[in-house]
């Protein structure tokens, strides 16, 4: 009996270490997986999830700057607006694109979560780009006047602006959620994520301001909008397809409550 008890003691002694090893398989910051279960480190988050998020951000930057970089020219040459009216309308649209994310950030942090905001508003952005592509590709005579054409163009513009409400404030934050804030190794990778995030943001801007603007200056407006439309559709498919590897943070109190 004593011999049997002696053999069990080492096992009992190692039990806390075994429990510690099991606990270390999960993230320490309270994040969960798509099934609302504690997130496993080796199955979720980290760079395997960030590739899809960075891809979405790159596609969104290409789409945004494909519109914004040369929008005044489009309004004056295709819709025949005056330069003053075109500059006013572009300023209003850009303002809407950067005001909408303030509302989107509040909705994401309080009600929907960052993932749901991106899943809901990515299709809106893609539809807006599709409307713009169709409006630029169909002959002007089809619209029976500039007014009908303008309605279609501005519908596409503001659908894309509405879509930015769920992408601009959520992509970087959702990417940061993929790294365990309690793990020093993953914290270092989070810094690398933001380096790549801003690199791809500027790369998307560069490609739009050179290649796509060149197409627009040569009259290929439909093609210049079709390329980012395809990218947005691919980004949506890839982002949704990677849902099982994301980590999710539980919703907290309203940001207004924290401010007060």
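Numbering starts at 1 and runs along the chain as displayed.
Just so you know, glycine gets a Cβ as well, placed from its N, Cα and C.
A TrEMBL annotation is a machine prediction, not a hand-curated record.
It should be emphasised that the depicted structure is a prediction, and the values quoted were computed from it without experimental measurement.
Given the ranges 147-167, 168-188, the record in TrEMBL names 147-167 as transmembrane segment. Per TrEMBL, the listed range annotated as transmembrane segment is 49-70 (candidates: 27-48, 49-70). Per TrEMBL, the stretch carrying the note transmembrane segment among 71-89, 90-108 is 90-108. Over the domain 'Major facilitator superfamily (MFS) profile' (49-260), the average per-residue pLDDT in this prediction is 91.
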